[in-house]
Structures are given as structure tokens and as C-alpha cells.
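Lifted from TrEMBL, the feature list:
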DOMAIN    4-84  domain 'GST N-terminal'
DOMAIN    89-213  domain 'GST C-terminal'
Amino acid sequence: MSMAGLVILDCWVSPFCMRVKIALNEKGLQYEARPEDLFGGKSDLLLNSNPIYKKVPVFLHDGKPLCESSIIVAYIDETWSSPPLHPPCSYGRAQARFWADYIDKKVFDACGNIWRSKGEVPVEAKTEFIEILKQLEGALGDKEYFNGATFGFVDIVAIPLTSWFFAVEKIGGFSVAAECPKFSSWMKRCLQRESVAKVMPDPEKVYESVLMFRKMQGID
């Protein structure tokens with residue numbers, strides 16, 4: 001597959017962009033990641049490709065645009081079937097969609113409730129965040145990955161969000177490893193995969209960006 005055929009409109013700090021890159025890496029596909037300046041001025045390509053939300057990631061396959069990271073990851077899995085990212089049975093796939101949806105609805109917003117706090121982070125914000133991770137720990141059980149022994153769709157949806165956890169822990173004054181050891185072990189397992197390690201940014205750099213976002217939003 002030529003690089004011309006696969007392009008992602010990208011932002012290095014966006015966990016949603018990381019999902020698409022990890023999925024492409026898992027499939028062994030070559031792609032071009034084009035950085036977007038989300039604050040200085042979005043490209044015409046981005047505005048034309050995603051006129052509804054005007055957000056990254058946008059995935060261009062032979063010039064045809066797709067938006068929304070979970071939808072893009074599912075598309076990549078359907079288009080390039082090997083190795084499969086979804087479970088083989090329809091029940092397993094439905095369960096994977098349920099947990100991906102739960103992660104989409106809960107995790108990033110719960111992170112935001114912590115890093116966007118003015119002054120001391122409310123106890124409720126930290127409690128809610130930890131409770132969400134404990135639900136995910138329950139779904140993980142004693143499995144290596146959400147799908148069992150193989151890294152797959154739910155892991156790809158979840159792991160990029162953890163690149164913001166260091167920032168959230170610093171701002172909130174707590175430790176995910178102490179509160180959710182199983183989830184923390186899963187994070188470490190995922191980070192050992194080349195497809196993930198190549199994409200995940202340095203947590204310190206993410207933290208610096210989050211502090212910059214706080215200033216831009218007038219929180220600090």
C-alpha cells in the first residue's frame with residue numbers, strides 16, 4: 001500500500017489520532033501522518049474533509065475522508081482483515097463495541113474534569129475517574145487484553161487515553177498504579193508493543209501541553 005493512499009490528519013497529543021496510527025501499525029500499513037496546527041489555523045484539507053466537527057483525526061483512504069477515531073479503527077479492521085482486531089464471534093464484537101463506547105463516553109471527559117479544575121481538584125472528580133478505571137478493570141478481569149490473549153479493538157481505543165494519565169495524576173495528586181493495579185499492568189503490557197510504543201508520546205511532553213491548554217483556557 002503506497003503512502004499516497006493512506007493519510008491521517010494528525011495532532012501528536014491527540015489520543016484519538018493515536019488510535020488510528022496504532023491500528024495502522026498493527027496491520028503493518030504504511031501511512032503519512034500530516035500534522036495539523038489546531039490553534040494556528042486548520043488546513044483547508046481538514047475543514048473540507050471534516051466539515052461537521054472540523055477535528056482530527058481524519059483518515060484519507062485514496063482521498064476519501066473518514067472521521068471519528070473509533071469508526072476509523074473499525075473501518076481499518078474491515079478493510080485490511082489481517083491480523084483481526086475484533087473478536088471472531090458476533091457476541092464478542094458486540095461486547096467490544098460496548099466497551100469502546102463506554103471508554104469514548106467516559107474516560108476523556110473524566111480526565112478533563114481533573115485537568116480543567118481551578119485550584120484544588122474536587123475529590124468527586126478524582127473518585128469518578130478512578131471508578132471508571134475500576135469498571136474497566138472489571139471488564140479486563142484476569143485477561144491479558146480486553147479481548148483475551150490478543151491485543152485488539154478495545155485496547156486500541158483505550159490505550160492512547162492513558163498518555164494523558166501522567167498529567168492528570170500530577171494535577172490531581174493521585175496514582176493510577178496505586179488505585180488500579182490491574183489496569184496499570186495492562187497499560188504496561190500495551191506499551192511494550194511496537195505498534196503502541198512508536199505512537200505514544202512522552203508523558204512529560206503531554207503534561208507540558210496540558211499546562212499550556214490550562215493557560216489558554218484561563219484556568220491558570
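A Cβ is built for glycine as well, from the same backbone N, Cα and C atoms used for every other residue.
Remember, TrEMBL labels are computer predictions, not curated facts.
Remember, predicted model here, so these are calculated numbers, not experimental data.
Mean model confidence for the domain 'GST N-terminal' (4-84) is a pLDDT of 96. Counting residues per DSSP class in helix, strand and coil order gives 31 helix, 17 strand, 33 coil for the domain 'GST N-terminal' (4-84). Applying DSSP to the domain 'GST C-terminal' (89-213) sorts its residues as follows: 94 helix, 2 strand, 29 coil.
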